[in-house]
Amino acid sequence: MYMKSRLVRARNADGRFTFGASGEAEVVSARGRGSGGQGFMSGAGETELHLQRRRILERRSRLLSQIEEVRRTRALHRAARKRHGAVGNQRLTTVAVVGYTNAGKSTLVSALSNSDLYSDSRLFATLDPRLKSVILPSGRKVLLSDTVGFISDLPIQLVQAFHATLEEVVEADLLLHVIDSTAPNLEEHRTTVLQVLQQIGVSEEKLQNMVEVWNKIDYEDEELDAGRYLDEGEYDDDANDDASHSSVEEDPGTSSLTSVEDGEGCVEEGLKIEEEDPLSDGWLLSEEDQEMEEDKWLESLNGQEQSHASNDLTTAQKILKTQAEQGPHLKISALTGVGLQELLELIDGRLKTEDDKFKRQNAVEPGFYDRKWRPPRDEDADMAV
Ligand SMILES: Nc1nc2c(ncn2[C@@H]2O[C@H](COP(=O)(O)OP(=O)(O)OP(=O)(O)O)[C@@H](O)[C@H]2O)c(=O)[nH]1
Ligand SMILES: [Mg+2]
């Protein structure tokens, strides 16, 4: 269902940056300007360069219009759900499943929605393929919304695409954070997810209320078994390099944006970023003057992001502390079904707490309805003036 393409960047013999799908020879200037901007703009190279630029600009506008389309479709879907999704006077609750890429979000959403026990596939089956209806133990129906995987060091140009797909998260009633319990840098992933959630505008209250589950608990068991064998000297160090463990490279210089949905399917884009230039900016730019201006803008934006990030970290730490205080994490296996019933009970409970909180906030004081309406007295009228 997904189509994956990878954009890789490298420096060619002239010291210019090149981009291409899986290392092909698509070349574009990013930062490697020639002296006075003229160096590689002359001779036979000029036509080729212009051609490449035009292609990139076309691709850029195609991507931007796709993003706009996603936004529009999502907004329409949300509006439709609000109109038709109401049961009685109550609209359907949405639970957004978030987490680092490869955590097992999609596996979990399908496990819950494909099970006869929990799912009700009649609702919205055609409205949005990523929205699944699930029945909680209390009988309450909720919509589970699968989301794109989060990653660290999201290139700044991709933030816009990311926002388009995550507006759903901001509007969700409850967030379910899926963590890959087998990931060696689990804490880093957790913090990244919290930071991204904050950056896209999720309220602190919603973050505090987020349900966090540790997935792939079955794998942990395997790991423990492997550890035992290791102790007995039956496996060498390579035993830990299980290819099935993760399909995502842990190369620190690699970052991949997943799933920019276009309403019918998903288009995946990846960007190989050179470590020396983590912003990887410039590849969408056209004229050199514009490049200079945008470089400056990106640098200042990056500065803001950095200071934002340090603020976020303290808030993220606060939230992590609250999460820790809420007791041990629920451990599940989306693959084998372990812990899923408990998870649904937990979601049920958390939503009920939210409902009660909402009711309390909107409750009128006792005796309110006993009061009788009376015409304003003269003093009241004087006060009003
Ligand atoms: N052992 C084990 N593997 C799991 C479990 N859940 C998911 N996986 C595997 O982990 C990999 C990633 O699962 P996905 O459900 O695609 O992860 P995701 O979070 O949706 O990934 P993105 O959409 O890329 O962010 C797949 O190979 C799954 O089979 C689990 O409970 N146990
Ligand atoms: Mg997924």
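Glycine is treated like the rest: Cβ placed from N, Cα and C.
If you check TrEMBL, you get these features:
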{"type": "DOMAIN", "residues": "93-355", "note": "domain 'Hflx-type G'"}
{"type": "BINDING", "residues": "99-106, 124-128, 146-149, 215-218, 333-335", "note": "GTP binding site"}
{"type": "BINDING", "residues": "SER106, THR126", "note": "Mg(2+) binding site"}
{"type": "REGION", "residues": "232-265", "note": "region 'Disordered'"}
{"type": "COMPBIAS", "residues": "232-241", "note": "compositional bias 'Acidic residues'"}
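Sequence features annotated in TrEMBL and their locations in the structure.
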residue	record	Cβ neighbours (10 Å)
GLY99	GTP binding site	24
ASN102	GTP binding site	20
LYS105	GTP binding site	27
SER106	Mg(2+) binding site	17
VAL148	GTP binding site	23
LYS216	GTP binding site	26
SER333	GTP binding site	22
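Only LYS105, SER106, of the binding-site residues LYS105, SER106, SER333, place a Cβ under 6 Å from an atom of ligand 2. Note on the domain 'Hflx-type G' (93-355): mean pLDDT across this stretch is 67.
Across the structure, SER106 (Mg(2+) binding site) and LYS216 (GTP binding site) are spaced 13 Å apart at their Cα atoms. Reduced to three states, the DSSP call for GLY99 (GTP binding site) is strand. LYS216 (GTP binding site) carries neither a helix nor a strand DSSP state and counts as coil.
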